[in-house]
């Protein structure tokens, strides 16, 4: 793609995100979401592969439907209450429609079917944008309207997302699809706590975005898309592969690593809200996703192929990893000890 065109699309993406997260009026928020959708479409379909075109079409149709629902929800609320302010979403029907619209935007169950397909059809760098920055505007809207959302509906969506995200990721061999189901599972953790402690949702999102960015950038550096190629990629940059193992374990939420912090805080908050059964259930369901993270981690650091047929060893590349990956990897693994400081900032 032409670098100038690429720059315009990236700037539009940042502009759309900024407009949505800084707006008070529903129409401005909707405008930001539309700019975002239109800016990411060329980035998804830039390879001109039929699968990429299909992914862009699916993304466009789903996001258009979700944007229409956001507009419908805000108009219904304005009709009944006379308010266009995002924080004044008080009508129950509007709240219900908005929850469905944002669930469709994010890819929460039962509106999750588009997300793995779109991620699979996109390049790794676009997949990184779809998994991180494109989730920020819908989460910001949920954050602003969190006081008027239906807790039962969100808890149901969250538990279903964690269950299906873990369950459907078990059988995947394509790494982008595994990361898509991982995203759905993590969104379940964010959705369950948004009504009770919205700041925890934002903290969870920031840490999730950081760890996912690390994994996408690492995979982009070693040029790996499938589990079978991941098994023989350790010779390229062994130190980076070793850190990828730790980052995957962190994304799974294993205790000494950064990813444990949001899960720990969410379980604690749910217990305070007398929702111990929901906390227990979502914790048990996250064990499903732990399995495929561990499988990815095993394939990352396996030094001998699991079959006896001859295969070509990859050349060790001389190019050094970027400072960005080094910083993100360190933060993805080592932030748990400074969690009190993180909580004072948030």
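Cβ coordinates are placed from backbone N, Cα and C, and glycine is handled just like the others.
Computed from a predicted structure; not experimentally measured.
Of the candidate ranges 132-151, 152-171, TrEMBL annotates residues 152-171 with the feature transmembrane segment. TrEMBL lists transmembrane segment for one of the ranges 28-46, 237-255, namely 237-255.
The stretch that TrEMBL tags with transmembrane segment, taken from the ranges 275-294, 295-314, is 275-294. Summarised as a single figure, the pLDDT of the domain 'NADH dehydrogenase subunit 2 C-terminal' (290-343) averages 81. Ranked by number of Cβ pairs under 8 Å to the transmembrane segment (237-255), the listed stretches 5-21, 95-115, 275-294 are led by 275-294. Listed by sequence, the residues of this chain that lie at least six past the ends of the transmembrane segment (95-115) yet keep a Cβ under 8 A from its Cβ atoms are 33, 58-59, 62-63, 65-67, 69-70, 72-74, 76, 89, 135, 137-139, 141-142, 145, 148-150, 153-154, 157-158, 160-161, 163-165, 180, 183-184, 187-188, 191.
The transmembrane segment (152-171) makes no contact with the transmembrane segment (56-75), as judged by fewer than three Cβ pairs under 8 Å among residues 6 or more apart in sequence.
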